[in-house]
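Remarks on the structure that follows.
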Amino acid sequence: MGNTTSERVSGERHGAKAARAEGGGHGPGKEHKIMVGSTDDPSVFSLPDSKLPGDKEFVPWQQDLDDSVKPTQQARPTVIRWSEGGKEVFISGSFNNWSTKIPLIKSHNDFVAILDLPEGEHQYKFFVDGQWVHDPSEPVVTSQLGTINNLIHVKKSDFEVFDALKLDSMESSETSCRDLSSSPPGPYGQEMYVFRSEERFKSPPILPPHLLQVILNKDTNISCDPALLPEPNHVMLNHLYALSTKDSVMVLSATHRYKKKYVTTLLYKPI
């Protein structure tokens, strides 16, 4: 009896295994997904369309990151000129991906535009009165589509002089601002300056001090010609001097400059 029971239990187990084995071949169109993982099969949780961590899942993001790391080239102001006539002139090129037409401003007989172009080679073409044309007087190149375009090469060396002038102007402006903002030298304190009465109402001198040094009043050196006077100061020029009246004669003098020479004229008038 005991052997019969054990054989029956064993037969039931074999029947269950056989049923599971037969259930695996239901049809070619049905596919069972295993929900319980096994350490022996690393692809248990991998669906047919899933990607492994090593696949190119984030390639576009990585490309954008690489592009952002690249240094951007400095834009340089470039003059574009069209001198072949026309009523309306536009320009377009590889610098704006040929997306828009930039108008040129008429200046006398030419059309001019100043564009900020990055360093390197750029192809461009003019749109004159509704037709695409190129300037025959400028360098040309044939594009991949077989069209003839103008070619311009923007180089950093062409703008070194302008960069130096700009840097010098910035340094001079900073220096001038620093000089204007700096305080004058001298001791500083908390006491306010009090004006005295004689300082407040003191009038300026009748004659500036530098005009008191009249060259006609100076003694001439013995070794010099009496007709030659010492070189006057520039503040003495174009002023009228008068000598004190003596023997009923009035004497007037004035000094003028002619290029590198000075001439002093004396006028005598009896009164």
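Cβ coordinates come from backbone N, Cα and C, glycine included.
Residue-level annotations in Swiss-Prot identify, among S38, S83, S92, S38 as phosphoserine. S173 is the residue among S6, S173, S182 that Swiss-Prot labels phosphoserine.
Per Swiss-Prot, the phosphothreonine annotation among the candidates T39, T255, T264 falls on T39. According to DSSP, S157 (phosphoserine) sits within a helical segment.
In terms of local Cβ density within 10 Å, S94 ranks first among the modified residues S94, S107, T147, S157. Taking Cα separation as the measure, T147 (phosphothreonine) is nearest to S94 of the modified residues S94, S107, S157. Between the alpha carbons (Cα) of S157 (phosphoserine) and S107 (phosphoserine) lies a span of roughly 28 Å.
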